[in-house]
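Data block below; observations after.
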Amino acid sequence: MDTPRVLLWAIFLISFLWDLPGFQQASISSSSSTELDSTKDVENRKGGKMQRTPQESAEGRTPKEHRPRPNELRRRLPGQSLGQEPPGRGPRVVPHEYMLSIYRTYSIAEKLGINASFFQSSKSANTITSFVDRGLDDLSHTPLRRQKYLFDVSTLSDKEELVGAELRLYRQAPPTPWGPQTRPLHLQLFPCLSPLLLDSRTLDPQGPTEAGWEVFDVWQVLRPQPWKQLCLELRAVWGELDARDSGARPRGPQQSPPLDLRSLGFGRRVRPPQERALLVVFTRSQRKNLFTEMHEQLGSAEAAGAEGSWPAPSGAPDAGSWLPSPGRRRRRTALSSRHGKRHGKKSRLRCSRKPLHVNFKELGWDDWIIAPLEYEAYHCEGVCDFPLRSHLEPTNHAIIQTLMNSMDPGSTPPSCCVPTKLTPISILYIDAGNNVVYKQYEDMVVESCGCR
């Protein structure tokens, strides 16, 4: 075969192989990767985008907690530096371990499909509010015969059903033994300036004198009327109690004066925050929209501030930060339009449950929500076209509407892919009075989707 014919066959073979996709891809990948990267950089610059690695993105972005939010700038007072608490506001609330344990227990129960209101400890309540004792130490050196506990309960709403209330007092280990006493020791709780005995506890003087919590039922004093300030008084006496006496005083000739409560471990001095007296109120409220309820809390906080009560917490967000501003609406519209373009054929998938991760910190709610800071809410997405699947549990109306849409799409819109089953989650947050609240919010997680 002569040389011209060989060259002709070689040119023909190369041109044939070049048209094959695999050969062309191999040829491109064997070329310089630097040239390809530089081409991508040029294209990204033209589109106004710069590619960065995740590490570079994190380092190049100012941390969210260090950036002032618009509502935070509005709340700053003249001469107040960023991050400094306004005058009159206390330090950031530290949740009591009891409230944290309630949240942990009920959250685990919800994941197992058990409603938290079924627990006996919840008293069938969906809201549990804790109030920390605001009383001051008795600095005198005289025996402490009566220990008073003060609580600001002005944030309690008369629209909620009160189903229980208890006072939790931590009894520290006594510094000295009680002595060779054979009579029982009675702890009695009264409303301040009232002879009405609310509850009592009996301690065995011969038993172990270990530290622990004493729990008193105070539902009786909160039930008749909503209080703004609640004052409770603790006393301790030896001897048998006369059940016929409304004051439940000791009976018999061996009556002794009330004991020094400090010697029993009820003094306030050198007491860490987790051992302070705690008033826990159990209420049951009707189902509310999350935003509506928070608006009501802001309104009550502003009213309380006008009356000269304790100020609202620094963590309570402004109402404007919850509502969609025009800028947010435009941004959401732009995102939704990009979303539609990006999905293309994927948007034609049938109605089903899709992931939706909610991060309260990204929403700017981490300054008043304690836990959880994030959760999986899910959402419903997809089309409801004919024929509808049985697992979508369509209503009769949805079936007819889908059938009409399949016959004439221009006359009838298709049925919508919406949640058909929603479940609650537990949220631990700080209310307008700086109190730690556990609440079970309904309709927070999508469990199933259907066509409606």
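Placement of Cβ uses the backbone N, Cα and C atoms for every residue, glycine included.
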Disulfide partner of Cys451 per Swiss-Prot, picked from Cys384, Cys416, Cys449, is Cys384
Among the candidates Cys231, Cys380, the one bonded to Cys449 through a disulphide according to Swiss-Prot is Cys380
Going by Swiss-Prot, the cysteine from Cys231, Cys351 that pairs with Cys417 in a disulfide is Cys351
Across all protein chains shown, the one of the disulfide-bonded residues Cys380, Cys384 with the most other Cβ atoms within 10 Å of its Cβ is Cys384
